[in-house]
Every structure is written in C-alpha cells, then in structure tokens.
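The compositional bias 'Low complexity' annotation in TrEMBL covers B:1-15. The region 'Disordered' annotation in TrEMBL covers B:1-22. What TrEMBL lists as transmembrane segment is B:31-51, B:91-109, B:121-140, B:146-165, B:198-217, B:245-264. Taken from TrEMBL, the feature domain 'ABC transmembrane type-1' applies to B:84-268.
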Amino acid sequence: MAEITVRNLHKEFGVGADKIVALDDVNLDISGHVFVSIVGASGCGKSTLLNILSGIETPSHGQVQITEDGRPAAKGYVFQAARLLPWRTVMDNLLFVQKDRSEQTRARCQRYLDMVQLGDKGRKYPGELSGGMQQRVGIARAFSTEPDVLFMDEPFSHLDAITARSLRAELQNMWQETRKTVIFVTHDVGEAVELSNRILVFAKGGHLADDIDMPLPFPRDVADPEVAVAKANVFRTFEQIGALAVS
Amino acid sequence: MATAVASPPTSAPPRTSEEERVRAARRRDRINAVAWRLAGYAFFLGLWEFASGRLMDERLLPGPVDVLRTFGELWASGKVPGAFADTLTRIGIGFAIAFVVGAAIGILMQNRLLNGFFRDAVTIGVTTPGLIWALITAIIFGNRPWGPLIAIVLTTFALISVNVAEGIKALPKDLIDMAKSFGVGVVRRNRQIVIPHLAPYIFTGVRFGFSIAWKVTVLTEVFSSSSGIGFEMRTASQLFRLPEFLTWILAFYVFALLLEKVVLEVIERRFFAWRDTIKS
Ligand SMILES: Nc1ncnc2c1ncn2[C@@H]1O[C@H](COP(=O)(O)OP(=O)(O)OP(=O)(O)O)[C@@H](O)[C@H]1O
Ligand SMILES: [Mg+2]
C-alpha cells in the first residue's frame with residue numbers, strides 16, 4: 001500500500017524582491033487506493049507540489065516521503081503536455097521508461113497502448129499523431145510502468161470535450177482495475193467531483209486551504225442529483241476560500 | 001530529392017481520380033525540374049565549349065572535352081587520387097582537432113564567466129574569412145605541415161562551438177524532467193535524450209565547418225604547401241598548363257558535390273528521418 005507523507009513543505013523560487021512562495025507549510029497524508037484531486041487557481045503551486053512529490057524538484061524546507069509497503073514507491077507522471085521523445089517511436093517511448101526490455105514488458109506496453117486505443121500506432125513517431133493521441137500515449141506510458149503512485153497534471157485540459165470525457169472514463173476504469181494511488185491536478189471542479197475520493201483545495205500563496213472527502217460511489221454521473229449537490233458544495237467552499245480566481 | 005514518396009496508409013481508401021490527377025501533376029513537375037537542371041548543364045558546358053577556340057584562344061580557355069581528357073590522364077597517372085589523399089588527410093586531422101577544441105569551448109561556454117572569456121574569440125573565429133587565416137599561416141609557417149592544420153582549426157572551431165553551445169542551451173528540460181520522474185538513470189537519459197537532441201546541432205556545425213575547412217585547406221595549399229590539390233593548382237598555373245588547372249578545379253567540384261550530396265545527405269536521411277514526421 002502506498003503512503004505519502006508531506007511535512008511542513010515549503011517551496012520558494014528566486015531571491016530577494018523576485019522571491020515567489022509557491023508552497024507554504026503544506027502538511028498531507030495520503031494512503032492506499034485513493035484518487036486525490038488537487039484544485040485551485042492558476043499559480044497556487046499545484047504543479048510545484050507534483051514536481052516535488054515526483055522528485056523533479058526539491059523542497060526549500062520540509063520533508064516528503066513516498067513509500068510502498070515501506071520501500072520507496074515507483075512513480076509515474078502524466079504531464080500537461082505529452083512530453084514524448086520526438087525521435088523515438090510510440091512503442092520506444094513507452095519502453096524508454098521501463099526497467100527492462102523483456103518480451104513481457106513489451107506485451108505490457110502493448111496492452112496499455114491498446115487500452116488508450118492506440119494499439120496500432122506503436123511504430124509511428126509522435127509527430128505523426130494528433131495532439132490528443134500524443135496525450136494518450138503519455139497516459140499509456142505512465143500506466144505501463146504500473147507505478148504505485150501516479151501523478152497527473154491537468155492531463156485532459158488540452159483535449160476536446162469528447163476525447164477528454166472518454167479518457168476520464170478510461171482513467172477511472174484503469175484506476176479501479178490497478179488499484180493505484182492517483183494524485184490528479186485539475187482546474188475543472190466537475191472533473192474533480194466526478195473522479196475523486198478526496199479533493200484538496202489550494203489557495204493563492206500555496207497553502208492547503210481545504211480537504212474535502214467525496215464518499216459517493218463510482219461511476220458518478222454528473223446528472224445525478226447527489227453528484228450535483230456535491231459539486232455545488234465544493235463550489236461553495238471555493239468561494240469561501242477565494243480559491244476560484246479566474247484561471 | 002527530399003520529397004520521398006510516402007507509403008500509402010494501410011487502410012487506404014480506393015484512390016479517386018482526383019488523387020490520380022494530383023499524383024500525375026506532381027510527377028510531371030518532378031520531370032520538369034530535372035529537365036531544366038540538365039538543360040542548365042548542357043547550356044553552360046555548350047557555351048564553354050563554344051567559347052573555347054572561338055571567342056578565346058584554346059590555350060587560354062581549353063574546352064570541357066579537353067579538360068575531361070586531361071582529367072582522365074591525371075587520374076590514370078595516380079596524381080589525382082594522390083593529391084586528394086594528401087588534402088583529405090590534412091582536412092581530417094585539422095577538422096578533428098577543430099571539432100574537439102570547438103565542442104569543448106561550446107561546453108565550457110555554458111558557464112557565465114567562461115562565456116565572457118571565450119565569446120569574442122569565438123565571434124572573431126566565426127567572422128574572419130578563411131582566406132585571412134590561410135594567408136597568415138602561410139606567412140608564419142611557410143610550407144611546414146602544421147600551417148594548413150592551424151588554418152583549418154582557426155576557421156572552423158568557432159562554428160562547432162556556436163552550434164554546440166546553442167544545442168546545450170536548448171536542451172529539452174521538460175523531457176529530462178519527465179525521464180527523472182520515471183526514475184530513468186543518467187546514462188539512458190544522456191543516450192536517449194541529450195545525444196539525439198544535440199545531434200542535429202553538431203551535424204549542422206560539422207557540415208558547415210567541413211565545407212569551410214575544405215576551401216581553406218586548398219587555399220593554404222595554394223599559398224604554401226608542397227602537396228595536395230591546392231599545390232597542384234599552383235603548379236599548373238605557374239607552368240601555364242590551363243587544361244590541368246581546370247582539371248583540378250573540376251576535381252575539386254566533383255569531390256565537394258559527392259561529399260555534400262551523397263555522404264552528408266545519406267547521414268542526414270539515416271539519422272534524422274524522424275524530423276520528417278514533425279508537422280510544419
Ligand atoms: N521553475 C520556476 N522558477 C520560478 N518560479 C516558478 C517556477 N515554477 C513555478 N514557479 C512559480 O511558482 C508559482 C506556482 O507555480 P505552479 O506551476 O506550481 O502553479 P500551478 O498551480 O500549477 O498553476 P497552473 O494552474 O497555472 O498550472 C507560480 O507563481 C510560478 O510562477
Ligand atoms: Mg500547473
């Protein structure tokens with residue numbers, strides 16, 4: 001079981017007059033098979049938090065620990081842009097992040113490509129795919145490592161509404177099947193309410209303003225009155241915190 | 001030609017007459033382009049042949065047929081291959097040194113202070129014509145072997161430096177971060193991200209550097225060497241053997257073309273095929 005512990009996390013960029021506080025004294029515990037969404041206005045430190053959790057950036061102060069049954073956890077990351085190597089084929093892009101190149105690994109990569117409906121595109125170069133297809137390759141790549149913890153930073157925000165919707169459904173299926181811990185950043189409250197067990201609300205200045213439990217069963221239909229009420233509640237919280245500045 | 005015919009997608013719908021027409025038009029266009037190119041050769045060679053002996057004395061301007069015959073003779077005598085071997089060896093050694101020095105400076109220039117240290121030297125290196133270095137090294141070193149080598153290094157190292165520095169500056173941080181987040185080790189990151197990213201920059205540097213090195217080498221040979229293509233040109237002109245002189249120029253062109261069109265383009269197509277996939 002994955003355990004994420006964040007203690008007194010503080011992150012700033014720049015020095016002197018240019019100093020920006022991206023995260024301010026964040027404390028957090030996440031454990032087990034949960035889908036956690038992080039919402040908040042632009043610039044309130046959501047991506048910075050994911051980058052620190054995933055090890056791309058280091059904290060200014062504070063501790064972060066991510067373990068799976070006591071060992072360091074395996075991590076996967078879906079970025080806002082696909083971030084594929086343009087000089088490698090789709091399949092090679094998936095293989096690039098694997099521990100080995102065995103037949104078994106290849107088969108697994110193929111399975112996840114199939115899952116995002118790109119099973120026949122393994123030999124294509126990213127430049128030959130549409131933006132939405134590239135994003136799906138990025139998603140398949142993150143899943144194909146079968147990480148203990150999966151970070152996703154607005155993975156659907158560049159996609160059209162219909163593609164985004166089908167990918168949300170796929171994501172939910174994969175999450176249910178694989179029982180990972182998912183940390184999901186989004187601007188879209190509806191998306192957060194639809195997908196998550198728990199919603200973290202960040203406010204300007206990078207502090208964690210609210211932590212909302214979402215116990216409704218999956219799959220959730222936006223038209224369902226209970227879901228609509230939950231969504232309205234989350235919106236109300238946002239207004240109180242002032243976290244929903246236009247972004 | 002770069003317009004390699006794309007293989008049709010596997011599930012291609014039956015070709016419409018519209019597509020057929022487009023295809024036919026493209027083919028006609030290609031044939032046209034080749035025909036004009038050949039016509040160009042025919043015209044200028046014809047003009048040359050006509051001028052030789054009619055507009056100008058044959059000894060002053062031998063015609064292409066004459067030059068080709070001399071070329072054949074010189075080739076058979078082993079003089080052409082020998083001179084090429086000498087010149088190429090010089091370029092090879094000189095350019096290898098220039099590459100190492102240039103790449104090292106390009107890497108060092110990432111440091112702000114070292115950037116200041118090297119910047120103006122590199123700018124001078126990029127802007128000074130090869131002719132200047134060829135003259136200077138000829139004056140200083142006469143026909144000692146390192147004259148041409150130094151001229152090559154001085155004219156080309158900066159091109160490599162500039163390109164390597166640019167490439168490093170544009171390193172794809174987003175891809176490197178992605179790899180780090182998946183726990184990909186530094187060796188695989190370098191091999192699969194840094195090197196493929198730098199390759200086109202280095203290739204551009206090498207390509208331009210090489211074409212300049214080539215000219216500078218021949219120039220220094222003209223001024224000061226006792227072997228190589230440039231030396232043969234000087235000898236031919238001093239002895240007033242114009243067919244021979246023109247033969248060497250011809251050989252020079254043939255070789256440069258071969259290098260440019262065949263060797264470099266093959267490398268480019270082999271290693272940078274993925275670039276064609278990027279939509280413009
Ligand atoms: N590498 C960096 N250097 C300097 N400042 C940075 C850097 N990364 C982030 N910041 C700053 O830190 C703050 C938080 O940025 P972050 O990218 O985490 O915001 P975000 O919540 O993800 O916003 P968005 O919703 O627009 O993606 C911003 O003010 C940003 O300008
Ligand atoms: Mg962000």
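Placement of Cβ uses the backbone N, Cα and C atoms for every residue, glycine included.
Outside the transmembrane segment (B:31-51) by six or more residues, the chain places 61, 63-65 with a CB less than 8 A from a CB of the stretch.
Segment contact is absent for the transmembrane segment (B:121-140) and the transmembrane segment (B:245-264), given fewer than three CB pairs below 8 angstroms at sequence separation of 6 or more. The stretch in B:91-109, B:198-217, B:245-264 that contributes the largest number of Cβ pairs under 8 Å to the transmembrane segment (B:146-165) is B:91-109.
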